[in-house]
Structures are given as structure tokens and as C-alpha cells.
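Engineer: Feature list, courtesy of Swiss-Prot:
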| type | residues | note |
| --- | --- | --- |
| BINDING | 16-19, 48-55, 365, 381-382 | FAD binding site |
| SITE | 120 | site 'Important in orienting the L-aspartate substrate' |
| ACT_SITE | 282 | active site, proton donor/acceptor |
């Protein structure tokens with residue numbers, strides 16, 4: 001039973017990463033505009049944006065262009081990118097980076113004040129704007145948070161977790177039921193923007209905050225929203241394998257600087273898997289590491305020659321993580337493992353963040369604009385959050401309809417921690433880098449058992465969506481690898497999913 005009700009004039013934004021806060025800033029541009037941000041954790045903690053190391057990819061040099069950036073994005077996306085969305089991202093990307101710099105994001109600069117740009121895997125040009133080598137996410141978020149706190153129209157509620165999307169009798173989203181400081185609160189609004197991040201916390205090994213576990217995806221699906229491409233989960237190939245949860249990340253930029261992947265025998269093995277070697281797309285590199293580890297040869301990142309003595313100031317986050325485990329990356333190889341890093345799927349939206357339900361928007365990793373395809377290009381995630389977060393904020397702020405009273409005020413079922421930890425292990429085992437029908441079928445049965453015991457809540461629904469779509473896609477493409485269906489179909493076809501009762505109903509549409 002709700003303890004009190006709030007009626008809010010502007011959009012309510014669930015999540016406080018780069019997409020959510022950019023949406024809030026965009027929604028409050030202009031007189032008398034307001035936005036309410038709900039964050040389950042204090043700002044600057046608990047969101048993947050603040051953990052991002054590589055930077056933001058954009059055509060910021062005279063040797064580059066949005067068209068080249070778009071071509072690289074589409075190539076990495078393995079046939080499933082929406083060209084219109086990619087074109088928009090790459091055209092608006094340079095200004096998005098400049099806007100963040102204007103807010104105070106301290107991007108690395110050259111003597112002429114131009115951006116220092118790095119090369120990363122599957123990019124045809126150096127186009128990644130960085131901060132302090134590997135500190136882009138934290139520095140960008142600090143600047144954005146300062147701007148949010150300085151904007152009178154933005155209200156932030158920390159320790160606030162969404163428990164249900166509120167809908168009227170016509171299905172319109174009219175607000176959110178949230179646990180705010182232990183009280184169940186009915187928040188009515190003209191629009192809700194989901195900016196809840198990805199699904200890393202559904203897996204045992206992830207580079208994202210463990211509390212980012214697909215709840216926004218599940219909330220939207222349980223409300224009846226269309227979900228796109230949930231089977232496509234990106235595994236970053238070089239999480240630092242030191243037994244920490246979440247696993248620290250060894251940024252892609254290290255390989256861009258010339259770091260080499262070796263096995264325990266010291267052999268540089270990437271030439272056996274792809275002509276681009278260490279700079280192959282992430283899905284290729286992740287599968288190569290998985291194969292080396294499965295064969296008992298181990299996998300290590302050797303940056304002793306490429307970075308060496310420069311580690312402490314060029315890649316301080318990686319250096320600190322390694323040293324905390326007794327590994328000196330200036331002289332020793334770094335043990336690495338694939339880890340869940342990003343979800344290409346999400347709530348299906350148009351180019352302004354509109355979901356299939358009136359009143360509902362989504363931006364950032366929890367959305368699927370069609371930009372990322374079956375495999376995200378390195379350093380496109382912060383860019384997508386900034387570009388599409390701003391667009392969603394503007395569109396949601398323009399919503400005029402309020403809808404009727406909500407038909408249900410009951411919180412959706414939660415999942416106890418012990419059950420969640422078991423789910424994480426099962427997801428890594430059967431819906432990980434390598435998948436097959438036997439494992440996915442077994443995993444789906446385990447999810448059904450958990451649903452029978454704990455109810456069909458957002459976390460389990462998010463897991464079910466991933467597994468059901470992975471079982472249905474009988475091919476290998478991008479981040480989805482089926483060892484029982486290793487070939488890639490000639491025509492790329494996206495997945496669209498809606499929940500119909502307990503079972504996801506899948507349909508496909510060629511892009």
C-alpha cells in the first residue's frame with residue numbers, strides 16, 4: 001500500500017547515469033521546465049557511465065567524418081544496425097562531446113586545444129576523446145552532476161528504486177511506483193524516461209555495477225512495451241581476472257596503444273583468430289579469449305612494452321586495480337577474462353526515445369535505438385547516452401497528456417539475493433560468450449522455477465527475455481554465438497519481443 005502520492009509536472013527519469021542526467025538537463029531547458037530524477041544509489045555511484053574508461057567516439061578531427069564513423073559502427077553491428085539511427089548518432093556526436101566539454105568535462109587536449117584522440121578496436125581512425133587516459137566516465141559524470149545540481153528545475157531523489165510502471169486503463173504510462181527511503185510512493189507524471197542501464201548484474205562476471213541488472217527492461221516488458229534484440233549481450237574481452245565482483249576493466253585503449261594478448265606460454269594468439277588481431281571487434285576477441293581459456297592455455301594482456309613505465313599516469317585506473325592484486329602491469333602480464341559489459345538490446349524506441357507505450361521513453365543502455373546492432377563499436381556507449389538522452393528529454397518534456405488514474409498500485413515481485421546469485425551463475429554458464437540449445441533450455445527451466453517460487457518480477461523477466469530470444473535465434477551473429485548454429489544467416493533480422501501473459505511472444509523484422 002502506498003504511503004503517499006506525488007504529482008509531478010515534468011518527466012520522471014529512472015536512473016542517474018549519463019543518459020538519465022542528460023535527459024534531465026535537456027528536459028529543463030527553457031522557462032518553468034522541471035524533471036524528477038530517481039536514483040537507487042547516490043549520484044556518481046552505481047551507474048555504468050561513471051565506470052567507463054575508454055571515452056567517447058566522435059568524428060572530431062579533419063581526417064575523420066561522421067560517414068566514416070557510421071561505416072565502422074555498421075560494420076561492427078554485424079548487419080543489425082538501423083542506418084538512420086547510426087547516421088543521427090554520428091552526425092550529432094561531435095556536438096555532444098563539445099557540449100559535455102562546455103559543461104566542464106576535462107577531455108585530454110592538445111597544445112592547440114584540439115581533442116587528443118585515441119584509436120580503439122574496429123575503428124578506422126583515431127576518434128576516441130579520452131580523459132586522463134582511462135578516466136573518462138568518472139570525469140564526464142562529475143561535470144554533468146555539477147550541472148544537474150546547479151539546475152533549479154531538476155529534483156533528484158536518491159535511494160529511490162522503481163517497483164512498477166503505473167498505467168491507466170488505456171495502457172498509457174502515467175507515472176511510477178517507487179520505494180523512496182523505505183516508503184512506497186505513487187509518483188504521477190506526464191512521462192517516464194527509463195535510463196536504468198544494462199543487464200551486467202544478471203551475470204556472475206561483469207564489468208558493470210552489480211546492481212545494474214535489467215530492472216528497467218523488465219519493468220517495461222511487464223507493462224507491455226516492445227523489447228528489441230535482447231539476446232545480444234556484449235562481453236568485453238579484457239576484464240581483469242582477479243576475483244573481484246564486479247571485475248575491473250582493462251580498457252580497449254590499451255590494445256589501441258599496442259598491448260598484446262598472449263596465453264600462458266607467451267604466444268600472441270589473436271593472429272590465429274582474426275587478421276586485425278588485438279583490434280578485431282569485441283565479440284571476436286571475447287570468443288578468442290574464451291577459447292584459449294577453455295583449452296587451458298589462459299589469457300593475458302601484455303602491455304609491458306606498449307605502456308610500461310607510463311602506466312601510473314596514462315592508465316591509472318587499470319594500474320591501481322592490478323597493483324591491488326599484486327600485479328605490476330609495467331613488468332607483468334595482466335590476467336584477463338571476458339565479462340558482460342554492455343547490452344545491445346533494450347526497450348525498443350524511435351529516434352526521440354519514445355517506446356511503444358504512450359507516456360514511456362527510454363535512453364542509454366536500457367534502450368534499443370538500433371544504433372548498436374548485434375555488437376557495439378567501442379566507445380559508442382557514452383556517445384549514445386548523451387545524444388539520445390538529450391533527445392528523449394526534449395521529447396518527454398513536450399508531453400501534454402496526463403492520462404487517467406493508475407489501474408494497479410501493487411509493487412512487482414522482488415528477487416531475494418540468494419536466488420539472484422544462483423541466477424547470475426546460471427546465466428554465465430548457459431547464456432554467456434558461447435551458447436547452445438541444451439544450455440539455454442536448461443536455463444529457461446531454472447528461470448521458470450524461480451518465477452514459480454518468487455513471482456514474475458523485473459529481474460527474472462529480463463533474464464527470460466535474453467534467454468528466450470537467444471534460444472529462438474538459430475544462428476551466430478555479433479555478441480550472440482550458438483555453437484550448434486555457428487553460421488550467420490545471409491539476411492540480418494532484428495528481434496522484437498512482447499510479453500503475452502507469462503510467455504514472451506517473439507516476432508522478427510528485417511532491417
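Even glycines carry a Cβ here, placed using N, Cα and C.
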Engineer: Cα-Cα, whole number of Å: residue 120 (site 'Important in orienting the L-aspartate substrate') versus residue 54 (FAD binding site)?
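Structural biologist: So the alpha carbons of residue 120 (site 'Important in orienting the L-aspartate substrate') and residue 54 (FAD binding site) sit roughly 8 Å from each other.
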Engineer: Counting Cβ atoms within 10 Å of each candidate's own Cβ, which of the binding-site residues 16, 18, 50, 52, 382 comes out highest?
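Structural biologist: Per the Cβ count, the most surrounded site is 16.
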Engineer: Identify, among the recorded positions 120, 365, the residue whose Cβ has the fewest other Cβ atoms within 10 Å in this structure.
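Structural biologist: Among the recorded positions 120, 365, the lowest count of other Cβ atoms within 10 Å belongs to 120.
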Engineer: Nearest to residue 282 (active site, proton donor/acceptor) by Cα distance: which of the binding-site residues 16, 52, 54 is it?
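Structural biologist: For residue 282 (active site, proton donor/acceptor), the closest Cα among 16, 52, 54 is found at 54.
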Engineer: Once near-sequence residues are set aside, which residues in the chain of residue 48 (FAD binding site), 6 or more away, have Cβ atoms under 8 Å from its Cβ?
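Structural biologist: Spatial neighbours, sequence-distant, of residue 48 (FAD binding site): 17, 137, 197, 198, 200, 208, 209, 212, 365, 381.
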Engineer: Please report the number of other Cβ atoms within 10 Å of the Cβ of residue 282 (active site, proton donor/acceptor).
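Structural biologist: Within a 10 Å radius of the Cβ of residue 282 (active site, proton donor/acceptor) lie 26 other Cβ atoms.
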Engineer: For residue 120 (site 'Important in orienting the L-aspartate substrate'), what is the secondary structure state per DSSP, taken as helix, strand or coil?
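Structural biologist: Once the DSSP labels are grouped into three classes, residue 120 (site 'Important in orienting the L-aspartate substrate') ends up as coil.
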